[in-house]
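Annotated features, as they stand in TrEMBL:
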| type | residues | note |
| --- | --- | --- |
| REGION | 1-27 | region 'Disordered' |
| COMPBIAS | 17-27 | compositional bias 'Low complexity' |
| TRANSMEM | 76-98 | transmembrane segment |
| TRANSMEM | 110-130 | transmembrane segment |
| TRANSMEM | 150-183 | transmembrane segment |
| TRANSMEM | 195-212 | transmembrane segment |
| DOMAIN | 198-284 | domain 'CAAX prenyl protease 2/Lysostaphin resistance protein A-like' |
| TRANSMEM | 232-249 | transmembrane segment |
| TRANSMEM | 256-279 | transmembrane segment |
| TRANSMEM | 299-324 | transmembrane segment |
| TRANSMEM | 345-372 | transmembrane segment |
Amino acid sequence: MAGYSPYDPNQPAQGQNGYQNPYPSNGYNPPPQGYTTCYVHQQYTFVQGYGFMLPTPEDTERTELSRQSRQLGLSLFIYFLLLLFIKPVASSLTLFLIRLFISNFPTDKSALITLLWFYPLVILLPFWVFKHYTGIPTHAALPMRVPRFGIVFPGIFILLALTAVGTFAMNALSSLLSLAGLYVKQNSVPLPEDVGGIVLYMLNFVLIAPVVEELVFRGFVMQPLRRFGDGFALIVSSLVFALLHVNLLKLPYAFLCGLCIGYFVLRTGSLLAGMVLHFTNNLFVTVGDLLTRRLSPQLYTLSQSIMLAVFLLTGIIAAIALVRRKPGMFTVMPSETALNERTKLGVMLGSVPMVLIYIAVGVMILTSFAFIGASTW
C-alpha cells in the first residue's frame, strides 16, 4: 500500500495568521508523523491503447472520498439505531436502579440522569469507529493546545450573533409552516421547574453536550476530512452536526453554529476553543430561558427580541474588531486537492449510505409535523 497526497510533504510549514491545519503543508503545518493524507491501493487500470496504468490522482481521491463517505454513513446509522432502540432500554434500566434506593424518584429526573451517561456513549462510540477507520492518530483527531484568548473571546460574541440569526431563521420558518396549518413538535428536553432538575439539565446541555459534541463533530469527523481541504471538512462536519438535531426548525441554526465553531477550531488548532464557544453559547441560551420563562407572552417576546438584538450587535462589533486586528481572520485558504470542491462534496454526500441517512432523517422530520389544533396523542 502506497500513499498519495495532494499536498507536498517536503514543503516547509509557514503558518498564516495562526491558522493551524495538521494535515496539508501548503503554508500551514506538515502532516502528523505516521499519518498519510490518503491511502491508495496499488490497483492497475487497463486503458485502451496504453495498457495497465496506475490510477490518476483524481481517481485515487474519489475512491478515498467514497470509502470515507460510506463509513460516515454507517456511523450515522449506528448512532440513530442506538438512539431509537437502546435509549428506551437505558431509560428503564436507570429508573429501575434508582428506584431500588429511592422508591418515589420522579421519572423526569431519571430521564436527565440517563442522558448523563447514555448520550456520551451513544454519540462517541459510532464516530470513534469512523475516526479509527480513517487511520488518523488520536492526537491529530483531538488537538488540545491552549487557544489564544484574543481569538476565542471575540468568537464567543460572533457565535452568539449567529445564534440570533439562526433563531430569526427558525422563527421565520415556523411562521411559514403555521400559514399551512402546521407546527413542529419539539423533541428537546423541557427546562425543569425545580432546582435539582435545573442542575441536571445544565450538567447535560451546558457542560457535557459541548465537550462530547466537540470531540465528535470537530474532532472525530472534521479532523480526518481536512486531508481533502479545510473548507470541505468544515462544511461536511457542520452538515452532520445539523442532521443529528433531527428538527427542521433547528437545521439552519445548527448548521450556522457548526460552521462558526468549526472555523474557530480550525483557526486556533484546538478543540478547546470549540468547547469554550459551545459551552458559553449554551450557557447564555439556558440562562436566558430561565430568566424569561415566567414572563407574560408579550414580555417574553419583547425580552427575547432585545436579547437577540444585543447578541447580533455585539457579534458584529466583535467581528469588526477581530478583522481590524487580524485582516486575514476569516479567509479559508484554498485546498490543493485533485478534485474541485463541488465534486468532493458530491462524492462525499452522495453515497448510498449517506442518501439513506437523508431519507431516514427526512422521515423523522415529517413525523414531527402536526396540524395546529390537532390532538398530539
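Note that Cβ sites are derived from N, Cα and C of the backbone, with glycine treated the same way.
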Within this structure, do the transmembrane segment (150-183) and the transmembrane segment (299-324) have 3 or more Cβ pairs under 8 angstroms, counting pairs 6 or more apart in sequence?
yes
Should anything in the same chain at least six residues away from the transmembrane segment (345-372) have a Cβ under 8 Å from its Cβ atoms, list it; otherwise answer none.
62, 65-66, 68-70, 72-74, 76-77, 80, 177-178, 181-185, 187, 225, 228, 232, 235-236, 239, 243, 246-248, 339
What residues in the same chain, six or more past the boundaries of the transmembrane segment (76-98), come closer than 8 Å to it by Cβ-Cβ distance?
105, 107, 110-111, 113-114, 117-118, 122-123, 125-127, 129, 240, 243-244, 353-354, 356-357, 360
If you average the pLDDT over the domain 'CAAX prenyl protease 2/Lysostaphin resistance protein A-like' (198-284), what number do you get?
95
